[in-house]
Structure formats: C-alpha cells, structure tokens
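Trainee: Straight from Swiss-Prot, here's the annotation block:
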BINDING   R94, K98, H100, E120, D121, L122, I123, S124, T125, G126, G127, S128  5-phospho-alpha-D-ribose 1-diphosphate binding site
BINDING   S124  orotate binding site
Amino acid sequence: MKKEIASHLLEIGAVFLQPNDPFTWSSGMKSPIYCDNRLTLSYPKVRQAIAAGLEELIKEHFPTVEVIAGTATAGIAHAAWVSDRMDLPMCYVRSKAKGHGKGNQIEGKAEKGQKVVVVEDLISTGGSAITCVEALREAGCEVLGIVSIFTYELEAGKEKLEAANVASYSLSDYSALTEVAAEKGMIGQAETKKLQEWRKNPADEAWITA
C-alpha cells in the first residue's frame, strides 16, 4: 500500500524531489521535497485509491468510529469521500473559529461523546492536525486518531503527536517515497543520501552538501 500510493503521488507530480535544488518552505526551512496532495483531486483513479486506503486504515485501527472529520481545507474532500464510502456523518474543522456568523470552528455535526477520526492530507510537524484534534476535544468528542495520505516522518511531528496523545497512521511515507523514486530511476545514490540526511535533521542544512 505505501509504495503503491507513493508511486501514484510521484506519477501525478503531487510530490517533487529536488535534493540538488531545494525548496524553501514558508517556515524558511530548506527542503528537498515538496508535497501538494491537492493535485490528487484532479485524478479520479488516484483519489479513489486514496479513499479506499484511508477507509482500510480506519477500519483496521479505529473500527468504532462514528464521525469522519476533515482538516480545512486540504482534508475536506478526502474526508467526504471516505465518509461516503463508510456511510458515516462528516464534518470539517477550521484552523480557527470564523470571525462572522455563528463563529463556528467545526462545520457539520460532531456531538459530545461521539468517536471521531480526523482525515488529513499531509503530516509534517503535525500542527494543523493537532489543532483539529484539540477543537474536537473541546467540543466533547472522543478523537480516536488521525489518518493521512502522506507523512514526512519528521521527529518533530512524531513528538508533537505523542505529546497530544493522538495516534496517527499514513497511507504512505517519506521512506517509501524515496525508495520508489530510486527504483524508478528518478534519483541516484547521491540524491538518495541527501534525502536521507535531510530527514535525520531537517533544521541542519548540512544535508545540502552531503
């Protein structure tokens, strides 16, 4: 499953690997990878595979789920497809409450005591997913965990999720993606080394000259 999804993401250009010409994230950090899972929306076969995979993860790890919650905005569409497949209620959670109208942060019904699974497109440092989890908990929901399409497998993300006491499972990850990219001849040994060094310590730009 992990390599299959990784292959899909590479084929449609949802993930770019540029170890020799790094991207600059909004945080200012240099990165050899850029992930835009919104592109999956434009590829029916890919998004169907993702929805089926997320459903499988949820059934395996969170079988008692009652509500599917998407993170705004990237997780909304995937949450909708998954909830439809599972015939479950769905809501989505904003990064913060609206400044007008009812001032909702949670759109749709997620009632006190209900068991909820969060659907996220990407786990990097885990910030947006944790914001979603906290909002649902404040509303009295029991958050069973998070499922996502892809994770960078960053230690910072793992630590934040552990600190928030929330389980998280991804369809694919950085390790599987770099392995598939190497198998496809998209990266060579030198590039693979840089990619591996970056994941060990993203904040240390020494990987650029590795």
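Cβ from N, Cα, C; glycine included.
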Trainee: I'd like the Cβ neighbour count for R94 (5-phospho-alpha-D-ribose 1-diphosphate binding site), meaning other Cβ atoms within 10 Å of its Cβ, all protein chains included.
Mentor: 16
Trainee: Sorry to bug you, but what's the C-alpha spacing from the residue listed as 'orotate binding site' to R94 (5-phospho-alpha-D-ribose 1-diphosphate binding site), rounded to the closest Å?
Mentor: 18
Trainee: Where does G127 (5-phospho-alpha-D-ribose 1-diphosphate binding site) sit by DSSP, helix, strand or coil?
Mentor: helix
Trainee: What three-state secondary structure does DSSP assign to D121 (5-phospho-alpha-D-ribose 1-diphosphate binding site)?
Mentor: strand
Trainee: Please compare the binding-site residues S124, T125 by how many other CB atoms fall within 10 Å of each one's CB, and tell me which has the fewest.
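Mentor: If we count Cβ atoms within 10 Å for the binding-site residues S124, T125, the smallest count is at T125.
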Trainee: Within 10 Å of the Cβ of I123 (5-phospho-alpha-D-ribose 1-diphosphate binding site), how many other Cβ atoms can be counted across all chains shown?
Mentor: 27
Trainee: Is it possible to get the count of other C-beta atoms within 10 angstroms of the C-beta of G127 (5-phospho-alpha-D-ribose 1-diphosphate binding site)?
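Mentor: The Cβ of G127 (5-phospho-alpha-D-ribose 1-diphosphate binding site) has 13 Cβ neighbours within 10 Å.
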Trainee: Looking at Cβ-Cβ distances, which residues of the chain lie under 8 angstroms from D121 (5-phospho-alpha-D-ribose 1-diphosphate binding site) while being 6 or more apart from it?
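Mentor: In sequence order, N37, R38, T71, A74, G75, H78, S148, I149, F150 meet the Cβ cut-off.
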